[in-house]
Amino acid sequence: MTVLHSVDFFPSGKAPVAIEPRLPQAAFPEHHHDFHEIVIVEHCTGIHVFNGQPYTISGGTVCFVRDHDRHLYEHTDNLCLTNVLWRSPDAFQFLAGLEQLLPQEQDGYYPSHWRVNQSALQQVRQLVGLMERAGDGMDAPAVANREILFMQLLVLLRRSSLMEGATNNDAKLNQLMAWLEDHFAEEVCWEAVAEQFSLSLRTLHRQLKQHTGLTPQRYLNRLRLIKARHLLRHSDHSVTEIAYRCGFGDSNHFSTLFRREFNWSPRDIRQGRDAIIQ
């Protein structure tokens, strides 16, 4: 597995934070690093496999990667990211207690992926721009200024995440997408889902297309197919059983959609024939 080292990314041995734009982010094999990373998805979509679990990411997704996590990107579609790298909680001179603003693992579950609305994403871009222009001076005021900007970023992400329970249409769509991540295998009636999240059906279609470039049904199908591919690689369930487990009522239809999405059949994935290009 590829290991990325801080010496190759941080401007100096003492700098606690670095900015790495990926515009766009190409598919990248599984790797980990000796630093922490906040991945901010600017726009378009891709698959983020985080510690072996696949997530569909799109504009507004924020992922918190720790120094022992492993991850990769695949099936990227002009996916644009900004990576905010930081060494460790004890690398800062003026900041303490950062853990209170970061996702925390509880009972083996780590809530690594958050979503923020487009207004917050614009504020994030502005803050990151200030961080990029803050210079690399090592005198106390310069260091303190950079660390304050990083703290402001964490506060903004925390306040803007789903945990804060915002109620505008943008936030409702984020909540809907998080719901789909957990309920993808269920039969989905879009009229009922729109009503559940207090959105009109037209608004749901328009906003999801703006966020992901996909219609609601296409987004749901992709989510199901990603989960199915994970099961094909990491379980002993039959192709038919996996199709049903992931919300497809017909295994032949599932196989057709799967090949169209990934250019491999479910059986190819089960037999590892795609491994040569991973």
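Here, residue 1 is simply the first one shown, and the rest follow in order.
Just so it is clear, glycine is given a Cβ too, placed from its N, Cα and C backbone atoms.
Here the domain 'HTH araC/xylS-type' (174-272) is broken down by DSSP into helix, strand and coil counts: 72 helix, 0 strand, 27 coil. If you look up Swiss-Prot, you'll see 174-272 marked as domain 'HTH araC/xylS-type', on the strength of sequence analysis.
Nonlocal intrachain contacts for the DNA-binding region (191-212), taken as residues 6+ away from its ends with a CB within less than 8 angstroms of a stretch CB, comprise 45, 56, 58-60, 169-170, 172-173, 175-177, 179, 219. Swiss-Prot lists 191-212 (among others) with the feature DNA-binding region, giving sequence analysis as the kind of evidence.
When Cβ-Cβ distances below 8 Å are used as the criterion, the DNA-binding region (239-262) is approached by residues 75, 184-188, 220-222, 224-225, 227-229, 231-232, 269-270, 274 of the same chain, each at least six residues removed from its ends. According to Swiss-Prot, the DNA-binding region annotation covers 239-262 (among others).
Residues or ranges marked as site 'Interaction with sigma-70' in Swiss-Prot (evidence: sequence analysis): GLU241 (among others). In this chain, none of the residues that are 6 or more apart from GLU241 (site 'Interaction with sigma-70') has a CB less than 8 Å from its CB.
Taken from Swiss-Prot, the feature site 'Interaction with sigma-70' covers ASP250 (among others). The local packing around ASP250 (site 'Interaction with sigma-70'), expressed as other Cβ atoms within 10 Å of its Cβ over all shown chains, amounts to 12.
A mean pLDDT of 92 is what the model gives for the DNA-binding region (191-212).
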